[in-house]
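Student: Dropping the structure in here first, questions after.
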Amino acid sequence: MPGNNSAKGTATGNATALWRNAQLATLNPAMDGIGAVENAVIAVRNGRIAFAGPESDLPDDLSTADETTDCGGRWITPALIDCHTHLVFGGNRAMEFEMRLNGATYEEIAKAGGGIVSSVRDTRALSDEVLVAQALPRLDTLLSEGVSTIEIKSGYGLDIETELKMLRVARRLETLRPVRIVTSYLAAHATPADYKGRNADYITDVVLPGLEKAHAEGLADAVDGFCEGIAFSVKEIDRVFAAAQQRGLPVKLHAEQLSNLGGAELAASYNALSADHLEYLDETGAKALAKAGTVAVLLPGAFYALREKQLPPVQALRDAGAEIALATDCNPGTSPLTSLLLTMNMGATLFRMTVEECLTATTRNAAKALGLLAETGTLEAGKSADFAIWDIERPAELVYRIGFNPLHARIFKGQKVSP
């Protein structure tokens, strides 16, 4: 294989576990393509990768282990990463889905009590325990497809206590399943009815004090916002981001989904982890993201569910050198999707992304979009031993198949956790 096709550890002592007789898609950026390695082995020591590369290059001090698994020639990829979800919410919006199919407009749905108002009402009303119980099946579905890291946003409270409740529930989920959960504070998601037409007051009274509390309680790993005509302006989001920056919290942004307000450029000016959606992103915005190292997170589930016509400018992002990630955008209204494998197929089919781009988008680039690239997202020495073993003949099957899950095993922090 061309390039550096191994990752050697520096620590001494036997490996904790060996996965032998495998084929690797390392996603190592120092290698060509997906970083494929044949006749490969992964050595794990104390939950971290000590070596990932050709069996012939395995150091002697790692050649024996407490446990050895013969992978039978199967493919191993980094564990998948869903870097944009709204996984915690109350109720569901199946009724408005039926209304939309029958021709109801957004306004008619809203008047009937649907839309985000419905999710806010249900999320406010439910206890932590019920929200956990409702979120677990969604979480389990993602984990069953080889996902080991998931971002979860608040944003269906729109008052301080419910926003914090959602973040606490997300933290609770991490204690109930073998998964890494990253939280984003998204009070700047919409304006509640009692602040209609008073965005500035809502930010002053709710968003900023809630951010302070979320930070003080260690509930927020990042701060998000929705920059759009139906949500918040660039100037309004700038206030939120300035407060996040003062507290040392990274930012990310829903931007350019329905129009181009310049949200991506705002995100880039803060060196945001990511800017997400981006259907109406222009060339200037794409270049700004690339220059800032801000990942462009595309969300084909929302594009599909909303029957959008405006495609995100994938070629402009490529030309600018921006890194692209894909995510489910799991939410009750516009993307009730809990399959990252299907998301990859949508990225390829709807957005014309390549197999290599789709695999990179749900591993390495998704890790970067969460600020976790030093920890996970590739099969390299020193990183957490998070990987997925697949019953496939070639990695393209993960993108090509629809409604099929070929996961053989999921390894999280060096432990086999499913199925």
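Quick reminder: no glycine exception, Cβ is built from N, Cα and C everywhere.
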Student: Figure out which of D159, D319, D329 sits with H84, H86, H254 in the Fe(3+) site per Swiss-Prot.
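Tutor: The candidate from D159, D319, D329 that Swiss-Prot ties to Fe(3+) along with H84, H86, H254 is D329.
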Student: Can you grab the distance from D329 (Zn(2+) binding site) over to Q257 (4-imidazolone-5-propanoate binding site)? Cα atoms, rounded to a whole Å.
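Tutor: Q257 (4-imidazolone-5-propanoate binding site) has its Cα 13 Å from the Cα of D329 (Zn(2+) binding site).
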Student: When the Cα-Cα distance from N331 (N-formimidoyl-L-glutamate binding site) is computed for each of the binding-site residues H84, H86, H254, which gives the smallest value?
Tutor: H86
Student: Say we define neighbours as other CB atoms within 10 Å of the CB. Which of the binding-site residues Q257, N331, T334 has the fewest?
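Tutor: Fewest other Cβ atoms within 10 Å, among the binding-site residues Q257, N331, T334, is found for T334.
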Student: Restricting to the binding-site residues H84, H86, H254, G333, which ones have a CA within 10 Å of the CA of R93 (4-imidazolone-5-propanoate binding site)?
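Tutor: Correct set: G333.
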